[in-house]
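Pulled from Swiss-Prot:
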- LYS23, SER24, ARG28, SER170, SER171, GLN172, SER198, ASP314, ASN337, LYS341: 3-phosphoshikimate binding site (BINDING)
- LYS23, GLY97, ARG125, GLN172, ARG345, ARG387, LYS412: phosphoenolpyruvate binding site (BINDING)
- ASP314: active site, proton acceptor (ACT_SITE)
Amino acid sequence: MVDSLTLQPVALVNGTVNLPGSKSVSNRALLLAALAEGTTTLTNLLDSDDVRHMLNALQALGVSYQLSDDRTTCKVDGVGGPLVASKPLELFLGNAGTAMRPLAAALCLGSNDVVLTGEPRMKERPIGHLVDALRQGGAQIDYLEQTDYPPLRLRGGFRGGDVTVDGSVSSQFLTALLMTAPLAEQDTHIHIKGELVSKPYIDITLHLMRTFGVEVSHDNYRVFHINGRQTYRSPGDYLVEGDASSASYFLAAAAIKGGTVRVTGIGKKSVQGDTKFADVLEKMGARITWGDDYIECSRGELRGIDMDMNHIPDAAMTIATAALFAEGPTTIRNIYNWRVKETDRLAAMATELRKVGAEVDEGEDYIHVVPPAKLKFADIGTYNDHRMAMCFSLVALSDTPVTILDPKCTAKTFPDYFEQLARISQLA
């Protein structure tokens with residue numbers, strides 16, 4: 001019997017949500033803190049599955065840290081160089097792409113013998129473009145099951161030099177190379193093949209590397225230059241900003257059924273590109289106010305939009321369900337990389353939107369949504385994908401309830417999401 005949660009129709013949303021730490025920032029910061037010289041105290045760390053997988057891996061690799069009882073403050077003792085496994089190891093990383101990709105690169109420094117593996121879905125998430133680039137730099141990597149996919153056996157050997165990486169599937173491959181390159185013996189020049197997707201996520205990586213004392217130069221995101229033989233240095237304390245992708249659900253809820261909702265922990269100074277989601281809501285007709293460490297959204301008459309959302313792929317999913325409440329159709333374009341996330345998000349989104357009555361055209365890299373006159377009650381499959389569960393909670397902002405199957409899958413980034421949503425919701 002699969003777990004389910006039925007959300008009753010909501011009349012109004014109003015209030016403030018303090019966001020959990022960003023997943024993208026948390027796992028990058030943990031890895032850099034481990035590689036750095038000195039001790040780093042990370043605050044507002046995300047407590048979630050993905051971060052737990054990174055912490056477990058670092059511990060197995062001999063990194064010592066102290067985690068607070070609420071798991072949101074972590075004091076990491078850096079090793080001041082590459083991570084070295086004292087014996088052959090197998091690390092299980094669940095379905096955490098933000099742990100798998102950066103660790104796959106970092107463990108190619110020196111001479112390790114480490115296997116990285118994960119859940120069945122992880123073995124369907126491509127990593128070939130990263131492996132190709134690491135091999136160009138001298139890394140010894142074997143595929144243990146299917147070519148181009150985890151599990152991987154890593155035996156060190158990455159020295160740097162000239163490498164080319166395909167940027168068209170995931171920016172995490174470039175992120176992994178960037179974070180590893182400063183510790184290589186030689187300087188590294190990373191050439192990007194194809195169109196670089198999700199560029200703002202690269203800015204998060206460069207910001208964090210700078211925070212830990214390493215500068216990267218690039219020629220308009222086409223070629224990146226990183227000096228070798230560097231050392232990351234702990235900044236001492238680092239505050240992880242709130243998760244901008246997680247903010248999207250609350251901001252969209254306010255746009256549909258506000259009141260006014262304020263999310264704190266992100267704002268106009270945020271390093272995350274997903275804060276641009278607020279601009280999309282504004283284009284659709286919502287009212288947005290920006291503070292240094294908050295974004296506020298109030299209800300407006302929403303209109304459908306047609307937009308390239310390659311720069312905000314995770315938050316763009318929220319637009320697909322917000323579109324159910326807009327006047328006219330919505331088209332979200334250039335989102336092929338939805339297909340290689342926690343699930344094939346394009347197929348999943350199309351299937352579930354049709355269940356609630358929308359007319360949907362699913363293309364190779366776009367989705368076109370025509371909202372129904374009235375939403376239908378449905379059981380929503382979540383595909384073990386945290387974002388599917390959170391996106392479809394918005395259906396309850398109508399006069400129709402919605403049932404979310406396996407609601408606990410939000411644990412990947414936001415374990416108490418449904419409690420937070422209930423806290424700002426007034427039932428019809």
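Even glycines carry a Cβ here, placed using N, Cα and C.
Counting neighbouring Cβ atoms within 10 Å of each of the binding-site residues (LYS23, ARG387), the lowest count belongs to LYS23.
Cα of ASP314 (active site, proton acceptor) to Cα of ARG387 (phosphoenolpyruvate binding site): a span of 8 Å. Cα proximity to ASN337 (3-phosphoshikimate binding site) (within 10 Å) is found for none of the binding-site residues GLY97, ARG387, LYS412. Not a single one of the binding-site residues ARG125, GLN172, ARG345 has a C-alpha within 10 angstroms of the C-alpha of LYS23 (3-phosphoshikimate binding site). Between the C-alpha atoms of SER171 (3-phosphoshikimate binding site) and GLY97 (phosphoenolpyruvate binding site), the distance comes to 11 Å.
In sequence order, SER170, SER171, GLY273, ASN310, HIS311, PRO313, ASN337 constitute the residues six or more apart from SER198 (3-phosphoshikimate binding site) in its chain with CB-CB distances below 8 Å. Taking the C-alpha positions, the distance from ARG345 (phosphoenolpyruvate binding site) to ARG28 (3-phosphoshikimate binding site) comes to 24 Å.
The two recorded residues, LYS412 (phosphoenolpyruvate binding site) and ARG28 (3-phosphoshikimate binding site), show a Cα separation of 16 Å. Set side by side, the binding-site residues ARG28, ARG125, LYS412 differ in how many other CB atoms lie within 10 angstroms of their CB, and the most is found at ARG28. Of all the binding-site residues listed here (GLN172, ASN337), it is ASN337 whose C-beta has the fewest other C-beta atoms within 10 angstroms. When the Cα of ARG28 (3-phosphoshikimate binding site) is compared against those of the binding-site residues ARG125, GLN172, ARG387, the shortest separation belongs to GLN172.
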